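What Swiss-Prot annotates here:
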{"type": "BINDING", "residues": "E172, R218, H450, R491", "note": "L-aspartate binding site"}
{"type": "BINDING", "residues": "R218, D219, E220, Q227, E484, G536, L537, D538, R539", "note": "ATP binding site"}
{"type": "REGION", "residues": "196-199", "note": "region 'Aspartate'"}
{"type": "SITE", "residues": "H30", "note": "site 'Important for tRNA non-discrimination'"}
{"type": "SITE", "residues": "G81", "note": "site 'Important for tRNA non-discrimination'"}
Amino acid sequence: MRTDYCGAINTRHLGRTITLCGWVHRRRDHGGVIFIDLRDREGIVQIVCDPDNVAAFPIAEKIRNEFVLEITGLVRHRPEGTVNRGIPSGEIEVLVSTIEILNPSLTPPFQMDDDNLSEAIRLEYRYLDLRRPAMQHNIRLRHKVTMATRVFLDQHGFIDVETPMLTKSTPEGARDYLVPSRVNVGCFFALPQSPQLFKQLLMVSGFDRYYQITRCFRDEDLRADRQPEFTQIDIETSFLQENDIMDLMEDMIRRLFADVINVSLPDPFPRISYADAMFRYGSDKPDLRVPLELTELTDLMQDVPFQVFRDAAQKPGGRVAALRVPGGGELSRKEIDEYTRFVGIYGAKGLAYIKINDLTKGMEGLQSPILKFLPEPVVQSMLERTQAQNGDLVFFGADKVKTVNDALGALRVKIGHERGLATNLWQPLWVVDFPMFEWDEEEKRWQALHHPFTAPSQGHEDFLATDPGKALSRAYDMVLNGMEIGGGSIRIHRQDVQSKVFQALNIADDEAKLKFGFLLDALQYGAPPHGGIAFGLDRIVAMMTGTDSIRDVIAFPKTQRAQCLLTQAPSTVEEKQLRELHIRLRKTDITTD
């Protein structure tokens, strides 16, 4: 039907007769001449319909926004003074010879160039929202990322293997989406949270370099960077150490950013231990664009009169830390109160501070409600450690280690960006040497920090039985600008070690056999050393496009309530369908919004 795309027309087409198909972006009537901005996936071109064209002009008069048209016409220069440098086709226009309305359109609920739409209306009319140039750009960029990924992995000997979507329910940290089996009454499949176990089994099978760009499903509370179904670049390889895998994956991410958005990432990525990241940044996903670090003060506050600091310093598992804000002395009381409320979200009970007005005046040059509770030598040591300067402000956190890290870590990022301290550079890094386990206070048992198939660090295997809290893992996370974009590890390839990890997690042998017997059996048949990583495709594309929500880079996403406003899913089903699945709903379980 068409010879060219609208957005691809330029001065090279001058004098040619072409046929275009697309949607009416805008129609204008100027002095009897009708101008149409015709849009397709490549962009917009200006169409001109002259009243002398007695066949086409009456049709053009009927045209409205979002009508679908087929137009044939002559490419010519735009008149002097009407060139539009804002679009690639801005130097030319197409003079209509014939025009056909392929399909009219109802009046759309919004304009395609409206940037202030509510997300609800966008998701309800997603098929229209996807016509908008910004969304077209996002989805096409996503395609470029997946294509570049496939090319890189193919060049490095990886093969694409599909793994099952209907699988067994196994605990991986979030709720499973369950699918009832009609044939096997009372039994359920689970949609995969990841292909973790299957890709390990592929390593046992001898497919030593596997990848898959696959859908994963997690029934969890949603945020801007989470969806109930999401896409993962899943990778596994045999006979490589963690440094080999990290080097290879660095190369892949560098290639993606260079090829897709023309960004050169550093080579190599810096590497930092989990303990160092928490100590310096209060987060295992540090945003290195922010040049602020936490300063340790626990040892200084052991005997100070200020009880809040003293108690946190003396109690096991407590921490006192400081965050210096360059130029923060200009912060108003109102702004400090807002930051105090902010850290309260993370469990902090308050936010002490000291303003540095004039260091030459000693204690007299400082301003703070807590100064009277702190001996001068302690204050001077604090100022030296934080390297505070005149005009700075120092915030303090004093509580359990987790609370201090969470609160000051989040405050560090917030202040860094709000006060213009962050750079505009891309700052990737690897975080390594994660703990194997974290203690669950509610359940009073250890939980796997990553997943229970992560191998312990060399020399840490004995801790699995004696002191799980000391065991480090061979896990590694790739972090970019404060966001985890990929996480992986060397896996356990010996059955005896896997059994020890299950025991440390308080998973009894019979339960382990029931849930993971197939894996334990496979590990006894010559399983090779192996490891891998998974990248969040949605998150990577969102960062490349500069959007805050992965919903802007997914064609048909769900809301934060895991609903599709377009199709009204999830929905009720017919009683007959439930009977076939041997399911009966109790009325007390049925809720309506």
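The backbone N, Cα and C atoms fix where each Cβ goes, glycine too.
Everything Swiss-Prot records as a feature, shown here on the structure.
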residue: H30; record: site 'Important for tRNA non-discrimination'; DSSP class: strand
residue: G81; record: site 'Important for tRNA non-discrimination'; DSSP class: coil
residue: R218; record: L-aspartate binding site; DSSP class: coil
residue: H450; record: L-aspartate binding site; DSSP class: coil
residue: E484; record: ATP binding site; DSSP class: strand
residue: R491; record: L-aspartate binding site; DSSP class: strand
residue: L537; record: ATP binding site; DSSP class: helix
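Around the Cβ of E220 (ATP binding site), the number of neighbouring Cβ atoms within 10 Å comes to 14. Local packing around the recorded positions H30, H450, R491, R539 was summarised as the count of other Cβ atoms within 10 Å of each Cβ; on this measure the leading residue is R491. When pLDDT values are averaged over the region 'Aspartate' (196-199), the model yields 97. For the region 'Aspartate' (196-199), same-chain residues at least 6 beyond its ends with a Cβ under 8 Å from one of its own Cβ atoms are 163-164, 167, 170, 172, 210, 212, 234, 236, 451, 453, 516, 518-519, 532. With respect to E220 (ATP binding site), the closest of these recorded positions in Cα terms is H450, chosen from H30, H450, R491.
Across the fold, the C-alpha of H450 (L-aspartate binding site) and the C-alpha of L537 (ATP binding site) stand 19 Å from each other. Of all the recorded positions listed here (G81, R218, E484, L537), it is G81 whose C-beta has the fewest other C-beta atoms within 10 angstroms. The region 'Aspartate' (196-199): residue composition by secondary structure is 4 helix, 0 strand, 0 coil, according to DSSP.
Spacing of E484 (ATP binding site) relative to G81 (site 'Important for tRNA non-discrimination') is 49 Å (Cα to Cα, whole number).
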